[in-house]
Structures are given as C-alpha cells and as structure tokens.
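Worksheet: one structure, shown below.
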Amino acid sequence: MEGGAYGAGKAGGAFDPYALVRQPHTILRVVSWLFSIVVFGSIVNEGYLNSASEGEEFCIYNRNPNACSYGVAVGVLAFLTCLLYLALDVYFPQISSVKDRKKAVLSDIGVSAFWAFLWFVGFCYLANQWQVSKPKDNPLNEGTDAARAAIAFSFFSIFTWAGQAVLAFQRYQIGADSALFSQDYMDPSQDSSMPYAPYVEPSTGPDPAGMGGTYQQPANTFDTEPQGYQSQGY
C-alpha cells in the first residue's frame, strides 16, 4: 500500500510506541478505560449499603438493584472493550490488507457509537434513581460521594466514546480516499474492455528516423535485389 491506509503507515514497519500514544483515538481509549474503572469501582465498593433493620444490603440508588447491576455491567464491559481496541491499535499497523483495515475501522465506529449510547442510558438511569432516593434509607449519607462519582463519570464517558466514534469515522474517510487507487486501479494491458492493448517493441538497432523508436521498412518499397528467373514451360 503506497503511503498506508486508514490512519496507519505501511504494514511491516517497526512498532513505534511513542507514535501510538500520541494518537487521539488511543488517548480517548485510555481515558474511557479509566472512567469505566471509576464507575464500576465506585458502585462495587460503596454502592451497596447495609440495612440494620433488614439485615441485608441494598443498592444506594433508590434501593433499585437493577441500577447498581447496570452500572457495574456497563463499566466492566466497557473496561474490557477498551483493552480489546487498545490491542487492536497496537496490531493495526501490521495489517497489510486494505479490506481488513476497513473492517477494523468500521467496527470501531459501530462499537464506539454503541457504547456512547449505553453510557447515555446509564447516566440517565443512575441520575434518575439517585434523584428519587429517600433520605431515610441512608441517614448517615454513606457512599454518597461514590454514587455521585459513578453518575459523573458515566456522563463523561458519553463524550469519550462519542469522540472515538467521530475519530474512527474520520479515519474511515481518509482511508477510503488513500485506498481508492490501490482498490480501483487496473493495468490497461489486463483490461478486457479496451479495444486493444498498447505494445512497444524494444529498439535493438540504430534509429534511422531519429524518432527514438524502431524503424520498419514499408511493405511496398521496391526491392532492387534480383529474386531469380523462373522459366515457364510452353
């Protein structure tokens, strides 16, 4: 691939970690990875309170176990997804096929947009359940900072994942333009739609015409050499 495609150089080059960490989409992946840790870590550690009267734990978000479960599930899965695509970022320059690079970038667009949607749903869900929580369920305000942190970083994650989708779409547009020649170019000699294929005979002797090509004697030139006499029988 001349000049590379889809945001990376030619395949087979040496791995450059410094160039990798400077990529905007790689930076956003690391930030999203950290945000996911904050979300599910906050809920797991301080999102469940002990009830003295009931003798069992309950979710800090309006006693709704689904709210805590959603936050933990989205956080853990986003954490794993970030690791997967960080590994893909490392391997991406080694992909030699333009079609495979295109598939990787398209999957990045779809997955990032999908996670931005999931974080939006999670933010709205947790914020709503936190708003309707009853003060009597938590009179000592235990874990309130962690609950707010999970909501805040769910909100921030919407933009980090949406940013990844936008950057992946830009890579797709740039890559499609740079890969256009390599995908659509056809050698004229192999194109069956052309009426004829050009042919140039290499020159092996002097050029009497001075035109830089070969010289051929016209077919109707008078031949002065005797060809012999054939007698006819009468």
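Cβ coordinates are placed from backbone N, Cα and C, and glycine is handled just like the others.
Because the structure is a prediction, the values reported are computed rather than measured.
Residues annotated as domain 'MARVEL' in Swiss-Prot, with sequence analysis given as evidence: 20-173.
Per Swiss-Prot, the feature N-acetylmethionine maps to M1.
Mean pLDDT for the topological domain 'Cytoplasmic' (1-23) in this predicted model: 60. Positions annotated as topological domain 'Cytoplasmic' by Swiss-Prot: 1-23 (among others).
Residue counts for the topological domain 'Lumenal' (45-71) under DSSP, helix first, then strand, then coil, are 9 helix, 6 strand, 12 coil. Look at Swiss-Prot and you will find 45-71 (among others) tagged as topological domain 'Lumenal', backed by similarity to another entry.
The topological domain 'Cytoplasmic' annotation in Swiss-Prot covers 93-103 (among others), and the record cites similarity to another entry as its basis.
Annotated topological domain 'Lumenal' per Swiss-Prot: 125-148 (among others), in sequence order, evidence recorded as similarity to another entry. Sequence-distant contacts of the topological domain 'Lumenal' (125-148), counting only residues of its own chain at least 6 positions beyond either end whose CB sits under 8 Å from a CB of the stretch, comprise 42-43, 45-47, 49, 58, 60-64, 67, 70-71, 154.
Residues or ranges marked as topological domain 'Cytoplasmic' in Swiss-Prot (evidence: similarity to another entry): 170-234 (among others).
According to Swiss-Prot, the transmembrane segment annotation covers 24-44 (among others), on the basis of sequence analysis.
Here Swiss-Prot flags 72-92 (among others) as transmembrane segment.
According to Swiss-Prot, the feature transmembrane segment maps to 104-124 (among others). Long-range Cβ contacts of the transmembrane segment (104-124) within its own chain (Cβ-Cβ under 8 Å, at least 6 residues beyond either end) map to 6-7, 25, 32, 39, 70-71, 74, 78, 81, 85, 88, 92, 95, 151, 154-155, 157-159, 161-162, 164-165, 168-169, 171-172, 175.
Residues 24-25, 28-29, 31-32, 35-36, 38-39, 42-43, 47, 71, 74, 78, 105, 108-109, 112-113, 115-116, 119-120, 122-123, 126-127, 130 of the same chain lie 6+ residues outside the transmembrane segment (149-169) yet bring a C-beta within less than 8 angstroms of a C-beta in it. According to Swiss-Prot, the feature transmembrane segment maps to 149-169 (among others).
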Apart from its near flanks, which chain residues at least 6 from the ends of the transmembrane segment (72-92) lie with a Cβ under 8 angstroms of it?
6-8, 15, 20, 23, 25-26, 29-30, 32-33, 35-37, 39-41, 43-44, 47, 101, 104, 108, 111, 115, 118-119, 122, 154, 157, 161
Sort out the residues at least 6 away from either end of the topological domain 'Lumenal' (45-71), same chain, that have Cβ-Cβ distances under 8 Å to it, and list them.
39, 122, 125-126, 129-130, 132-134, 137-138, 142-147, 150, 154
DSSP helix/strand/coil residue counts for the topological domain 'Cytoplasmic' (93-103):
8 helix, 0 strand, 3 coil
